[in-house]
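Asker: Attaching a single structure in structure tokens format; questions to follow.
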Amino acid sequence: MIISGASTVLACLIIFALMMRHATRFSNPTEQIRVMRISSVVPVYSIFSFLSVCFPNGYVYFSSWPDPFEGVALYSFFLLLCEFIAPSDEQRLQLIATQQIKPSRLRRRRRSPPMDGLTWFRRTYYVVVQYPAVALITTVVACITQGAGKYCLESKEPYFAHIWITIIKNVSISFAVMAVVKFYAQLKKDMEGHRALAKLLAFKLIVGLTFVESILFTILRTASILKASSVMTYTDITIGLPTMIICIQMVPLACFFHFAYSVTPYSVMKLPLANEPRYKPVDEIEEIKVRQKYQGGPLGIYAWAMFFNPVAMAREFVFPLTLMRAAARSPEHQVLTPKQLDERQSPAAAPPPPLNPRSCIPCNRRKVRCDRHFPCGRCVKGAEECIFPGPKRAPRQLKRPPIAEVLAQLRLLEEEVQKLRSQPLPPTADPGSASGSSPLGIPAGQGPVGPSPQEGRLVVKEGLQFVSAVGGNWRDHSLRDTFLQPARIQSLWRVYQDNVAPLIAVLHRPSVDVMIRQELDNINPDPAREALILAVCFAAIVTLQPEQCRQLLGLDYDQAIQSYIHAVDQALVRANFIKTQNICVLQAAVVFLLTLRYRSDSRLVWAASAVVVRVAQGQGVHRDGEVLGLSPFDAEMRRRLWWNICILDMISSEDQGTDTQVHPGMFDTRLPSNINGEDLSPSMTELPPEKVGATDITLAIVQCEIISQLYWPNGSHDPKSPSKDSRESRVMKLASRIQNHYLEHLNLGVPIEWVYATIIRLTVSKLWVSVHYKDLWNPATGTESELEVSQRACDEAFAVAVEAVEFTILLQTNETTSQWSWLCKSYKQWHAVAFILAELCTRPITPATNRAWEMVNEIHRQWEEDDSQTSVMLRKPLRRLMERTAFARKARLEPSPLRGPPNSVIDPDVPGIGPDVVVNSDLYSLYSSGFGESELWIREP
């Protein structure tokens, strides 16, 4: 009794220490709760064996009750093996369904068809789960028959229950153990790295030793080798000796459990967020955090509560059956079985994702089987970074074609060239016929890629082409190797954050930063994210100086611009820009067009902006996210995106002198909140309070308020031109609001805030000029109209226009703010310059007019030196107006009786106007080009 008691206490302490370590390091609850249940078999056997030694009369009761615990432990061990083969139920079923089960001898003899994996797993489950039920039933029957005197431990007669209970129990446990062993043998390659053999051996030793010992003692007693003597009584031989041996052998088995069911694989290193696996998408970072910390609670109280929870134990017996039934009904899993692969094939069925040809590096290093998915199941389960090796280098082609074959091919090519040269050239059609297409209408002949001649219906106009069937099949070109180099992207991303993000607040910089780090390590990049990254890179390159571009990229500035234009265009095609519902693609297009306007033809940007508006409507961005029930973060980012689309539509339409695509009745998206992008988070439940002062969205908010309050004052697009008094009242109210809400809170000592203030003041100044400028010409009648403003009001407008031009020159030439001058150069003060030139034709020569003439000449010189294509259609009439103004001033400086009236000049170039017709010195030619007709003057700084 002393030996049995000491062994029992020691075994219980050893197993309790193991279970306590798992409970306090509870990082994988699913596996560790099953390890705890398996380990509990050792103390159960020890305690009941010790009780049998202490109370021999209750031996039948005490020896029967360990069997149900053994059945539960065996079933838990089976579920633990299932966890080892795959981390998720879906992957587990897919792996089992694809197993090729070797037929048994009986099935081969009967020539039965091979069993599929799911059927085999279902049968294995039934064979294993029957033992806990049989063990519980036989235990209850044994206790009842013992109490009724019908058990008889020593009798082998069929009249008594002992012989039947023993046979049923032994047959049941034999089938269950054999099923578990076969399950392990079939899938042992998928369990490598988990010490599955050691765990199986540890459990089989408990079951096997007790089973073998019971048979051995029965044989010894039957053969009278063990019989009562003066040293040992009959009770000692029948009960005491077998139970003592069980108690003693549980001590080394408990120690072996520490090795087989070690807690080391479940120990968690407390890694920072920066060291998390980079292949994880943004929405799974929180799940990684949960897995990287212990969940057992203080002293493992949560783990112990789960261990003793009978509901959780009962649920484990039910969920595999439910899972198999769902798999049997699910076409997704049925298609995975070999028997049904041919039956379920159809053109509409989506092909499975391609597997990587090689195993990942972590699985190869651990010498375990990899499922070759990305990321693979073992790396996901172990929270490791899943990295697949690159493709093997193709073998060198040592065989070269013979010289004769090469010469023959060369002769064929020469003949084809001669045939083409002999053919007459096709007649010259309208300008612009070319063979390149893109979702955004990239000009032909400037890039390395293009569609086939059969793609789309071309609409040709002035050297540009657009395809009606947007998004055709482009030839595959590797963007990743050429443009998505990690070092280059990181450098351009920093440039974007410094030069572009403060002026164009479309993107959430923290999210894009995480996205870039993830995409750089992703072997199969997402087309939407690829398009956004390339758009960011292009926007950054636009802001660089030629020397900076050459130093950073090793390319000339113009070469880099053209290369990235076509890279972004190709990426948008791959991302299916027209049909996609991914907001990243729309963000990429908006960033691309807002910066492309500085380096490309404004007519192209104008045409592409209409496509962007329609795509935004297709994604529902024109509806406020709060109305749609979106999160505060998503709603705010959609507002920023939509209003930047409105700004893009405004400036591109103004360049062409046309009406906008966007009208107030077609959307209900609210203005963005004056909040820095860094203060926004996808996990927030409500927006933070608006900031007083400058944020990264302040400039856009002011521009949007000008659009909504001045251009759409009544919430509708009124085609009628308002009166001068109405325009003055609107401008005064808007200027007062901007001054009180924004300008007063800007710190002019900060360069970017000085840029904000200057652009805002230029915009307001331009509004004042435009109020008077519209009265100089009435495009509805096409004839002269008398000035309705007083000389004093006209002088004030003239002074404001000159001041606006001076600030524009300062904004473009200030070295402190040179990193943002790219945006300022893209907005031309057409109205202010036109107003000054019109006034200089009629005003006398004074110091004020001389200063104005100097400012106009300086800004005109900058425009002529600028090689961008922005508003190129307005340059010719403006140049002609400059010549008229110069002629008028020269005429005033050198009086001549032959010159015309002092307030007029002759326009010999305008069609229909001869030398005998006097034209007012204003922007007639600019009006004939469509300039100023649609009131789109409110966006330019």
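Cβ atoms here come from the backbone N, Cα and C positions, even for glycine.
Pulled these features from TrEMBL for this protein:
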| type | residues | note |
| --- | --- | --- |
| TRANSMEM | 6-23 | transmembrane segment |
| TRANSMEM | 44-62 | transmembrane segment |
| TRANSMEM | 125-147 | transmembrane segment |
| TRANSMEM | 159-185 | transmembrane segment |
| TRANSMEM | 197-219 | transmembrane segment |
| TRANSMEM | 239-261 | transmembrane segment |
| REGION | 334-357 | region 'Disordered' |
| DOMAIN | 359-388 | domain 'Zn(2)-C6 fungal-type' |
| REGION | 422-454 | region 'Disordered' |
Asker: At least three Cβ pairs under 8 Å linking the transmembrane segment (159-185) and the transmembrane segment (125-147), pairs spaced 6 or more in sequence?
Answerer: yes
Asker: What are the helix, strand and coil residue counts for the domain 'Zn(2)-C6 fungal-type' (359-388) according to DSSP?
Answerer: 11 helix, 0 strand, 19 coil
Asker: List, by number or range, the same-chain residues at least 6 past the transmembrane segment (239-261) whose CB is under 8 A from its CB atoms?
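Answerer: Distal contacts: 3-5, 7-8, 10-11, 14-15, 17-18, 22, 35, 38-39, 42-43, 45-46, 49-50, 52-53, 56, 59, 63, 195, 198-199, 201-202, 205-206, 209-210, 213-214, 217, 226, 232.
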Asker: State the mean pLDDT for the domain 'Zn(2)-C6 fungal-type' (359-388).
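Answerer: Taking every residue of the domain 'Zn(2)-C6 fungal-type' (359-388) together, the mean pLDDT is 83.
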